[in-house]
Each structure stands twice: as C-alpha cells, then as structure tokens.
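Going by TrEMBL, these are the annotated features:
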type	residues	note
DOMAIN	38-150	domain 'Nucleoside phosphorylase'
BINDING	R78, R122, I123, G124, T125	phosphate binding site
TRANSMEM	211-232	transmembrane segment
BINDING	Q245, R247	substrate binding site
DOMAIN	254-332	domain 'Nucleoside phosphorylase'
Amino acid sequence: QVQYVKNPHLDRMEEDILYHFNLGTKTHNLPAMFGDIKFVCVGGSANRMRAFAQFMHQELGQPGHVDDIRDICEETDRYSMFKVGPVLSVSHGMGAPSISIMLHELIKLLYHSRCRDVILFRIGTSGGIGLAPGTVVITDKAVDSFFRPQFEQVVLGKVIVRSRRCQSWMRACPKSFCSVPRNCLTSPLLLPTPCAHMTSMKVNRHILQKAWRSISILCAILLSFVLVWYFLAASDAPSSSSAGQGRLDGALCSFSTEEKLEYLRKAHEADVRNIEMESTVFAAMCRMCNLKAAVICVTLLNRFEGDQISTHHDVLVEYQQRPQGLVAHFIKKRLGLMA
C-alpha cells in the first residue's frame, strides 16, 4: 500500500470518518469505490468540476449519459465529488484553508482506497501578471507574498516551513499537454464592434447585436485550439484575495496605485506570471505526501491593467475550459487513448 499519508495515529483508529465527503472506512467500501483512480482534478467551483466530469465522460467514451453522473458528496454542503472511470473531479472552495481541509480528506481517501501512481491536478482561474487574458500558466513553483517558494505553517505554536516547488516531473510535461510550441505568442483576434451604419439595415438591432456577439464568441472558441498561450512559470499565492494580491477594489485598501504597480513589477521580475490563492497548500501537501501534482490555471485578466473582470461571461467560460482541455489531453495520452 502506497504511504501517501504521514500520520502514525491513523493506523490505530478503528474508523476514519471523512466528514466533509460524507465517507468513512466502516460505512463505505473505499477500495471498491475508488481503487481504480489514477487522476484527481480539483478546482474551486462545484459547477465547474461537475462540468469537467461531464467533459471527461465524453472524452473517455464512458457508457451512459453525462447527466447521470452523480455527486458522491451530495449529502454534504462543503465539497462536490464526481467519478468518471479512473478520473476523480473534486471541488475545493476558495482559498488556502478550504483547499487544505479538502486535501487532508482526499489524501486519506486515496490511502484508504489503496490507490497507486495517482497524479493530482489543480485546474482553475487566476490573475495574470503581464499576460493576456486566456493564457494558460503551468506552475513550476508556488511562491508566497515575498516570492519565496515556501509555505509557512504554525503547528502547536511553532512555525514549520515547507517547500512549495512542484515535483520535478512537471518540467517535462508541457510537451505532453499540448502540441502547440511553448510560448507561441500569436496576436489575438480583434473583432470590431458593429458600425453605426449597420443599425440602419432592415434588421432588428437586438438580433444583430446578439448575432455579432455569437460570432465573436465562436471565433474565440475556435481559435482556442491554436492560439492558447501557455507558460511554465512561478505562481504567487497570497493568503487573501484583496490586499494580499495588491488589489485596489476591496472594501479596505491602504496603498496607492503606484505601490501596487511596483509590487507587480517586482513579482514579474521574480518570474511570477499569475496570482491565485490555493497553489501554496496544494503544492506543499502533495510534495510532502509523495503525490505527483501540477497546477494549471488560466488568466482572466492582466493585473497590470486592472483588478476587475469585465470580459463577457461566455468568453470567460471558454477561458476556463482551456486548462480542462490540456489536462484531458494529458490523461488521454497517459491512458493510451491517443497518439
């Protein structure tokens, strides 16, 4: 049995209750339910992870209908979990504390299920630093607010420092994820807005605008297969979503625009290319538990240009599908389902 856990107390417990998953070693046959898991994909949103599970159901050619995929944790209100063949899709909520709670139970679940050779992925969204919206960032290392690749944790009043660097296997992975040359920077398609004279046409203006928006979204989706930019870079993972990320739009802010931009410039000089909140705990815990793991996030905006997201919802949905597509490609190659 693979020793993913590092806790001598677990073997002395008569039962291990995975409370937030509504699972337990006595109430469920975990090896029978999860023993074939080879890939675990986690992300913040429950709806996004359901959609990813349905996407993988189609990609892997699983029997049955995608709507029949059930939430294994449906009797809880903390996390959602979906199983599609050898793939487990789990939501982790927002921020380090939430993903930390989920990871403790997830890693124990893999241990009790006697899973072997499991690869974990965190797929999500982030704020870019000098990158265009829609860019996919594969994290090489997760750094703190001082750009150090370490995670500080207070245990019984003592500060414990753990490494946040992703496993070395990730350095060779971009070739497995995508056939597009790495850092292939191609100018994004710029579609003009409907001209004023177009409204004089004998066409309902609302229908015209709706059609134009549909064309723009369709072009963005079609181009995503050839114009996805991706980088192997560092990710900054502060503990908060506002001040810790240098945002100017929070309820509280004690710094100027110039101070924010100076901080982002320092981050960029330290090879940090995106900001999110979960990669620190994810990288540190997976490394400690000998689990191969990767963080793959898409940027929703360039933080040098602002803090709020104004991109159309349908385009954002397509952006969020880009990390999912790369992970699906990787999984299918690992399973021998494609050349």
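We count from 1, first residue shown onward.
Placed from the backbone N, Cα and C atoms, the Cβ positions cover glycine too.
Unlike curated records, TrEMBL annotations are generated automatically.
Everything TrEMBL records as a feature, shown here on the structure.
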| residue | record | Cβ within 10 Å |
| --- | --- | --- |
| R78 | phosphate binding site | 17 |
| R122 | phosphate binding site | 28 |
| I123 | phosphate binding site | 27 |
| G124 | phosphate binding site | 24 |
| T125 | phosphate binding site | 20 |
| Q245 | substrate binding site | 22 |
| R247 | substrate binding site | 19 |
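Separating the Cα atoms of G124 (phosphate binding site) and Q245 (substrate binding site) is a whole-number distance of 17 Å. Broken down by DSSP into helix, strand and coil, the domain 'Nucleoside phosphorylase' (38-150) contains 34 helix, 33 strand, 46 coil. It is 28 Å from the Cα atom of R78 (phosphate binding site) to that of R247 (substrate binding site). If you average pLDDT over the domain 'Nucleoside phosphorylase' (38-150) in this model, you get 94. Ranked by CA distance from Q245 (substrate binding site), the binding-site residues R122, I123, T125 have T125 at the top as the closest. Take the Cα of R247 (substrate binding site) and measure to each of the binding-site residues R122, I123, T125: the nearest one is T125.
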